[in-house]
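**Student:** Before I ask anything, let me first share the structure, which is written out below as structure tokens.
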Amino acid sequence: MSKIEKMSIQGVRSFGINDKNKQVIQFFTPLTILVGPNGAGKTTIIECLKYMTTGDFPSGSKGNTFVYHPKLAHETDVRAQICLQLKDVNGEPVAVQRSIICRQKGKSTECKTVDCVITRIKHGGPVSLRPKCEEMNKEMISALGVSSAVLNNVIFCHQEDSNWPLSEGKRLKGKFDEIFSITRYSKALETLRDVRMKEDQNVSNYQEEIKYLKENKEKAREIQDNLQSKEKQLTVSKENVKSIESQLEPLKDRLADIQRNLFKVIRLENEIKALESRKRTMEQDNQDLMEKMEKVFQGTDEELNEMYQNQCFVREKERKLNDHQREMDRACKESQRLNREKGELLVQQGHLQLEADNHQRYIKTRDSLIKSLAVQLELDGFELTPFNQRQTSNFQMLVKERQEEVEAHANQILREFSEREAMQQRQIDEIRDKKTGLERTIELKSSTESKKHTDLKKVKYDLQQLEGTSDRLHELDEELQKTAHALENVEKSCNLEALKGEVVQLQTQKSELDRNVRELDQEMEQLNKHTMTRTQMDMLKNDKADKDEQIRKMKSRHNDELISLYEYFPNKKQLEDWLYSKREDINQTRDKLARLTKELVAAEQNSNHLSNELCQKEKQSASFEEKVFDVCGSQDFNSDLSQLLEDIEKTSKQRAMLAGATAVYTQFITTLTEENQPCCPVCQRTFPSEAEVQDVINDMQSKLCLVPDKLKAAEDELKRKEKRKDEMMELKPMRQMLSDLKEKEIPEIRNKLEAINREIKRLQNDVEEQESLIVTFVSEEARAEACLQDISLMEQYQMELRDVDQKIAHYATKLLGVDLNRTVQQVNQEKLEKHHSLDNVSRRIELLQNHLQNQQEQVQQLKSRVNELTAEKLHISSNLQQRQQLEEQNVELTTELHCLSIEIKESREQVFPLESTLQKLQQEKQALLQRKESSYREAQEKVNDIKEKVKKINLHTKDIEKYIQDGKEEFKEQKESELQELTVRLNECEELKEKINREMVTIRQDIDTQKIQERCLQDNLTLRKRIEELKQVEEERDQLLKEMGQMKVTQMEKEYQELENKRETLKTNHSLTLGRQKGFEDEILRFKNELNEPKYKDAEEEYREKMIVMRTTELAIKDLDIYFKTMDQAIMKFHSIKMEEINKIIRDLWCSTYRGQDIEYIEIQSEPDEGISAADNRRTYNYRVVMIKGDTELDMRGHCSAGQKVLASLIIRLALAEIFCSNCGVLALDEPTTNLDHENIDSLAHALVEIIKSRSRQRNFQLIVITHNEDFVELLGRSEYVEHFYRIKKNIDQCSEIIRCSVSSLASYLH
């Protein structure tokens, strides 16, 4: 059983927020009493307990008023913390802490829980967790062992909600439904009903699904058989393909070798032709070069190379020209670099000039500021500018001294005013201390006066009470005698031994019923254990019936078809034999068809090959004709070529003549010019006059001028014709090939193509005939195969039926010894009857035990009453002896009060003149502070003005000094000198560029003159090189002819044709086999895809699992019906039993507590809700509290007084706590004496003591009573169950304090 041990409170309502204000309360067992005046904070403790256990703030506050208000704390955020130490239902220690923060936002406050910590002891040490608030609440409910509704409405019920048992009907119903958890159980029943309806619907759905799953299962078996057949055919086809490929591979290798050799032959032929053409071209080029040369060198190669090397001075000239060009480039780069440096120097010079101008401006500004400040500070010697360094330093020193004087003056003013202010403050403090002392004296004496008044009232009250004590003493003697007599009569009338014997007999009967219930539980467990076996057996029987029906349907479906093929209904073996023979016929026909198809494909391939070859030959012929026409311009190639050769020869001679004319004319002109008496160089005749000589020379020179142009034109024409000749020579082999194509190759291909087309028509007719025959055979085979699948399935079903029979026999063996006539429902009904009998016996035992306990309690109550009366008699006797002492205290207190009143009046008269004097001094102090502030501000402004001007002067002085220290003036002069020097160097560089340019022009002229002679030597070198290359070409041609003669070209071509024919045959077979294989693979893929479809993939497994699910679901629906009825009956029974127990406790507590005669007892009546239909199946109740007067019962709400209402609510809470708090012995009563008269308060105290006494055997029982009625506390304190109580009061800071007090001190406090 759980219990609470200790709690600390800080920052909640009136409990302070500082650590010193933290209050700790330890809860006693079995009774904890909290007493204090209204507003002291008693109910706050109940609110804290409720918040710690449920997480709920007090109603209507949302936590905003639960925490110490931020305005009272003068803070924006206020934190509150509550710690609770308890033991859970297992007796384990648990510490819980919750922290709250309240934040002021404008006029409103916001409060929330910021931290939750729960600490447990695990593995010998504390373990702390920080769960969320909702998880924390669940942890607390689990630790305490009671629901949240019981914590809120029974255990920790707030004073404002304590009368909820007499609230209006809807609210009362809600409270009791929460306590009984009616809503939760009703929802459980609704959930059971919903689950059952859902499962009913599921069974219907399962039946529909099973129908389709069964069809899918059968279809999947059919597809699987077809797949296996096609896979076997595919395996055979793959083996055929491998065999053909193994024959093709060596053929391909050999053909590739031959083809490479043939390509090599063609390449050699092309290379030989190219070499021959190149040889002719080279010979012609050499001839042309010799004709073009003026003189062919007759010496050796060494002599020619030596002469050519002697011409190297041209190279030297060119090298020198390149050197001059590089010097020119360097001079240009140097000129560009000097120009860039000149530009950079000009930019630097501009910056330096700008800095010099700024330097002069800074000097003028600084001197102006110095002169102005000197006039302001009345300093002499600074009238004339500019100032030198010495004057500037002297000025700064003088200004510093004058500045220190001004600051010293300002500080002097500040010290004088501070001294006067301190003296004024001392006077104020003296008068304030005197005034405060008088006020404190008045406060203390007023407090003492108030306390004395209270003591005086108490003394007078005690004296008044003692006036009737003698009569009360007499009454106590009479009542004590009556109670002792009643106790003696009750002890004689009790028959306790007989009651105990009957209880023992009933307990024996209860043990026997317990044994019967356990036996039924074992039988129920045995039946449940074999439920699955019985289900499996039923499913197997259903499966057997289904398979029998499938076999019958298959026979009726294929009977006509099979009889038409075989004249009887065959078995699987007979049908497979027939199919085998039919497939042999199909294979033979297919082989024949394949052979014909192969021949047809080969013929078609030959036809296509010949067609393509014909097309290529025709295209090649047209291409050759087009090329010949493009080059020749006509189809007469030979005549065009002869004409072209004649033109080339004529042009070559003309070119040679023009080339020689230049040398001849030059020699003639030289001869005619140099000789004194020249003669004609041709006819050797002398010229009659110089004029004729000159005419001849002029004529030769004019012709000589025309020779270069004519020579160039002749060379161009010769090159053009040579190029055309080369193109025509290249076309000569093409011309021969064109003739062969037209006259031989194309007519032969056309004849072969016509013969092959006739063969193709014959083969097509044969293929069509074989294909129609295959269609007939395949149709018969397909019909037989369609039947074969079902026949195989029939035989499989027959085998499965044998397995099913064996399984049925196996399950029947397992169920031997099990009473199949007793069902789970029968055993469950018998178990319910035994439980009902057991409950009746248990209630009878409990009734007898309660009766026995009541008699024992009655005796104990009478004994307790005798003890109480005796104690009260002794107490009254003691009080009578204290009367003289109380009268003396009355006189003493009256005298002290009179003296205190006079002293307070005198102190108040002394306070008034001190207040006026204090006010006057404070006004004088304020005026002094204003003058002090004004004077100091004026002096400070003067100092700041001087500092600002000095700062500006220092800044300009710093810039001036920096310019001088950096040497900017010298740097400026240096850059100007560098600029002049750079200008001189730039002019020198330009002069050098002019000189180099003149030398380069001279060298170029010399080089052009020498290149003509060098060209002649170069032509001789080229001719000799070409002759050497021609020899190499002839040797290479001879080598290729020799290599080509070693290869057997004709034999290779024949072998290539034979191997090609064989390869085409194998390729045709390979294509046909691959085609069939592709068909098999497509069918296999189609079958596999069908099997991989969701409806076929696991069709049989899904069918079996769905059947199991449907059967088990049907059984579960039956169990749900049983459980629903059982649970509904259990809820009704639980509710009625608990209400009987609650009403019994209420009746006993009312009779023992209520002292009036108008109400015999009260009880809670629960009635089913008439507004709920029977179809809804929800058990709901309406509750009302009634009071019994004779034979009449009335609703207590509206018919009872305020005191009766409080007492009834309290008793109902006590009864609910007795019933629902078996795991938690805590109960808190907040102001239970509200609206009760004195007699009912006494009886309530007596009832609580009796409850404590009856529950004292429970080690963790705790009753917490909060009250302001100290008489009620005193009555509870008379019992032996309480030694200390807590007094709640507020301290001087108006913060709540919890003080532990002894019960023995309560009497002295009261009296």
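Backbone N, Cα and C atoms are what each Cβ position is placed from, and that goes for glycine too.
Annotations for this protein, taken from Swiss-Prot, read as follows:
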BINDING   Arg13, Asn38, Gly39, Gly41, Lys42, Thr43, Thr44, Val67, Gln159  ATP binding site
BINDING   Thr43, Gln159  Mg(2+) binding site
COILED    189-341  coiled coil
COILED    473-613  coiled coil
DOMAIN    634-733  domain 'Zinc-hook'
BINDING   Cys680, Cys683  Zn(2+) binding site
COILED    711-1069  coiled coil
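Can you tell me where each of these features sits in this structure?
**Tutor:** In this structure, Gly39 (ATP binding site) belongs to neither helix nor strand by DSSP; it is coil.
Thr43 (Mg(2+) binding site) has a Cβ environment of 20 other Cβ atoms inside 10 Å.
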**Student:** Give me the count of other Cβ atoms within 10 A of the Cβ belonging to Lys42 (ATP binding site).
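**Tutor:** Taking all protein chains shown, Lys42 (ATP binding site) has 23 Cβ neighbours within 10 Å.
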**Student:** For the binding-site residues Thr44, Gln159, work out the Cβ neighbour count at 10 Å and name the residue with the minimum.
**Tutor:** Gln159
**Student:** Between Arg13 (ATP binding site) and Thr43 (Mg(2+) binding site), how far is it from one CA atom to the other, in Å?
**Tutor:** 10
**Student:** ATP site residues Arg13, Asn38, Gly39, Gly41, Lys42, Thr43, Thr44, Val67, Gln159: biggest Cα-Cα distance, Å?
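**Tutor:** For the residues that bind ATP, the greatest Cα distance is 19 Å.
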**Student:** For Thr44 (ATP binding site), what is the secondary structure state per DSSP, taken as helix, strand or coil?
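**Tutor:** DSSP assigns Thr44 (ATP binding site) to helix.
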**Student:** May I ask which residues of the same chain, at least 6 positions away in sequence, place their Cβ under 8 angstroms from the Cβ of Gly39 (ATP binding site)?
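**Tutor:** Correct list: Ser14, Lys1290.
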**Student:** Counting across all protein chains present, how many other Cβ atoms fall within 10 Å of the Cβ of Arg13 (ATP binding site)?
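**Tutor:** The answer is 21.
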**Student:** Whole-number Å only: compute the distance from the Cα of Gln159 (ATP binding site) to the Cα of Thr43 (Mg(2+) binding site).
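**Tutor:** So the alpha carbons of Gln159 (ATP binding site) and Thr43 (Mg(2+) binding site) sit roughly 8 Å from each other.
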